[in-house]
Amino acid sequence: MKKVSNIAVLTSGGDAPGMNAAVRAVVRTGIYHQLNVYGVMYGYRGMLKNEIFPLESKSVANIIQRGGTILKTARCKEFYEAEGRAQAYENLKKHNIDGIVVIGGDGSFNGAYKMSKEFDIPCIGLPGTIDKDIAGTDFTIGFDTAVNTAVDAIDKIRDTADAHDRLFVIEVMGRDAGYIALHSGISTGAEHIMTPEHLIDVQDIIEDLQTNERRRKLVNIIVVAEGSIAGGAEEVARMVKTSCPQLDTRVTILGHIQRGGSPTCQDRILASRMGYAAVEALLNGTSNVMVGIVNNKIQYTPLEQAIKAKEHLDPEWLKMVKILAS
Ligand code: F6P
């Protein structure tokens, strides 16, 4: 078992609230164990460009509550190529880095996995994405904050929807995953929820809206994941308006506000536990795993299995939505 002495931490892919808390945990746990800890700016792009700097305990002071990432983030096409990874590894060697913690999504883990195989450098992944769509963990860093931001916004929209007797079609993030839509929709009492995982016939929704209209239930909220099978909120609203022109319909796209803001308590704790566990794993000689949380216990999954989890949405939940919104 190789002993690690110099580790690097980076944030990669789309940012997620709580990434800073995770960086802080990695840095402080590393320093506690007398490791030298480096920060890589802009994810793999910074690794390729040698934007690698030593971090001290005070470098991560006052960031646990901040959204975004002090290390910045980027998506880096060159890292998909073997040449790009070789260049990145050369730069890591310049700093004698012998262990890496990558905070990001499945694409970031894939890059880490390839580099660890090619250059025998241990890599640990931490799931940081608002989408919660990674296998091997019940929660990802940023999901709780993003979903609470969506809930807050949808509650406000319901106030005005109620005042005007309107139908709102609200789009939340989730290009490939419907967790934000499902969780925010259930917790705001949405009448319908549309996700990328389940095909919901817009015709059924239209019939339901017409039934509601006959019952004088005129306030309806449809929460649509941006990647829903039927399309985004604009498309869904267009179909509804064609069949129900009498309904006063509005569209709201929540967009990137879901990615920002101060992380919730749950995300800060999750990020702290995961960052701490990542360094412990490197010290124990564990490599090429993602740190996950399963039944509130830290669990390690091989990086190559920490891929996008698509089919975890429980269809029973959608049935429940129908019953509770009736
Ligand atoms: O991966 C998280 C995510 O928020 C997706 O839900 C969304 O489709 C995507 O990022 C947006 O990415 P970008 O900020 O690059 O437009």
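In case you wondered, yes, glycine gets a Cβ from its N, Cα and C as well.
Of the residues GLU197, GLU226, GLU234, GLU280, TrEMBL puts just one in the substrate site with THR129, ILE130, ASP131, ARG166, MET173, GLY174, ARG175, ARG250, HIS256, ILE257, GLN258, ARG259: GLU226. The record from TrEMBL ties ARG24, ALA25, VAL26, VAL27, ARG28, GLY189, ALA190, GLU191, ARG215, LYS217, LEU218, VAL219 to ADP, and of the options ARG45, ARG158, ARG238 it ties ARG158 to that site too. Of the residues proposed, GLY14, GLY18, GLY178, GLY185, the one TrEMBL records at the same ATP site as ARG75, CYS76, GLY105, ASP106, GLY107, SER108 is GLY14.
Between the candidate binding-site residues, GLY14, GLY105, GLY107, the densest Cβ environment within 10 Å is the one around GLY105. When the binding-site residues GLY14, GLY105, THR129, ARG175 are ranked by how far their Cα is from the Cα of GLY189 (ADP binding site), ARG175 comes first.
Most buried of the binding-site residues ASP106, ASP131, GLU191, judged by other Cβ atoms within 10 Å, is ASP131. In this view, THR129 (substrate binding site) is surrounded by 26 other Cβ atoms within 10 Å of its Cβ, with every protein chain counted. Cα of GLY105 (ATP binding site) to Cα of ARG250 (substrate binding site): a distance of 33 Å. Ligand 1 lies under 6 Å from the Cβ of the following binding-site residues, listed in sequence order from GLY14, CYS76, GLY107, ASP131, GLU191: GLY14, ASP131.
LYS217 (ADP binding site) sits 16 Å from ARG250 (substrate binding site), counting Cα to Cα.
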